[in-house]
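Asks: Please read through the structure below; I'll follow up with questions.
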């Protein structure tokens, strides 16, 4: 059966190749005023909301408890930000306590509260990929968006009720968020033409980075000005608005969308049919286990998220301890690298698609080139942060440039699973999430141990280890990575 006939099955009838001519294809690819780009923007907003909800507790917790001020390690810096940090820190805590409740939680309880969001993360990804196929991405992702936003709104009430209730709420919220982050990728198997895949996915993923930037930027001010509960109220409310927009705009495939033009619909279906891999249920488990291109992507995810968790978990602590910044200034400074990453994400995706559409580089070359740029240069800059700590401005500049260039990886290996097996995009996204959560479980623990052994040289080891892990993951990907649809992803029969 030809690809054209298979695409016709998706829409309820054969596709007429005379109708889908090259002029229509070129017209459909122009500009961003299309339903598929609108869908990417809605996913951008949803990912923004999820990211702010995930980070809200990390921002609010220091002012939710009686005393979480971090002890300062020996400071070798000769240049500091122009602030009186200790006075500002005390002022922040006092003003926060005046407008919101505080709790007598021990450091151990605080650690459990922060990590409880990930307790169910290992269990949710794979089932959610099957649920997306069974119930449809529109309803599954939309329902998850509603649930996690409502739970965010109830977080202050749960904290008042008791720490056990709060932990249970965050466990449920974490599972729901993982289901949303996994299932949304199955929609691109039916909506993203291969030559636009990088830009559409980077537009959607940029929302997560923007969320980190915004929550770091305004979280401290919200806690100090109107009280920490409003961090959850505001971003939970934004999530509810995003869920309504999702149900209004998102549909599982272009065939059933009520507002899409015929030309855009035919362009998407024809482009996906040309690729020769449509969404399906068959699962060639043995072939997937033996697939080195798949393993190269999973290992790259682990190495890339090792760096991510160092940045999100320890960058505020590093800025606080080395430069004596308070919660507000540390949040703003920690937000700057995410701002640079967010700015560069979408242009990177556009550049990758431009190189592919103009046939300047092959897809496999593009993925490996962008991955190399996104790992090697940031690794050098990140590893150098320890040696430039005597200069505050140089340190911040290195972190900002590192994050900006790091965003090129999103158009490289991090989106490569959509190339090798589009029909299993949700499942492969689930597997990649498991490896990223493994990095999230191991990286903070190892780095915390390194810092505890030596408060000063421990930071050097943290940055060097992050660079080494990233480079090793890149080497494995460069050797075994591919960008062609794998044979096991083209098969239509069921495998076990």
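Cβ coordinates are placed from backbone N, Cα and C, and glycine is handled just like the others.
Residues or ranges marked as domain 'Major facilitator superfamily (MFS) profile' by TrEMBL: 39-485. The transmembrane segment annotation in TrEMBL covers 139-159, 165-188, 200-222, 228-251, 292-310, 330-357, 369-388, 394-418, 430-450, 462-480.
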Asks: Over the domain 'Major facilitator superfamily (MFS) profile' (39-485), what is the model's mean pLDDT?
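Replies: Value for the domain 'Major facilitator superfamily (MFS) profile' (39-485), mean pLDDT as a whole number: 83.
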Asks: With Cβ distances under 8 Å as the criterion, find the stretch in 200-222, 292-310, 462-480 that has the most pairs with the transmembrane segment (430-450).
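Replies: It is 292-310 that shares the most Cβ pairs under 8 Å with the transmembrane segment (430-450).
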Asks: By Cβ distance under 8 Å, which residues at least 6 away from the ends of the transmembrane segment (292-310) in the same chain are close to it?
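Replies: Sequence-distant neighbours of the transmembrane segment (292-310): 371, 375, 378, 382, 406, 409, 413-414, 416-417, 420-421, 428, 431-432, 435-436, 438-440, 442-444, 447, 462-463, 466, 469-470, 472-474, 476-477, 479-482, 486.
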Asks: Can the transmembrane segment (394-418) be said to touch the transmembrane segment (200-222) if we require at least 3 CB pairs below 8 Å and skip pairs under 6 apart in sequence?
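Replies: Yes, the stretches contact each other.
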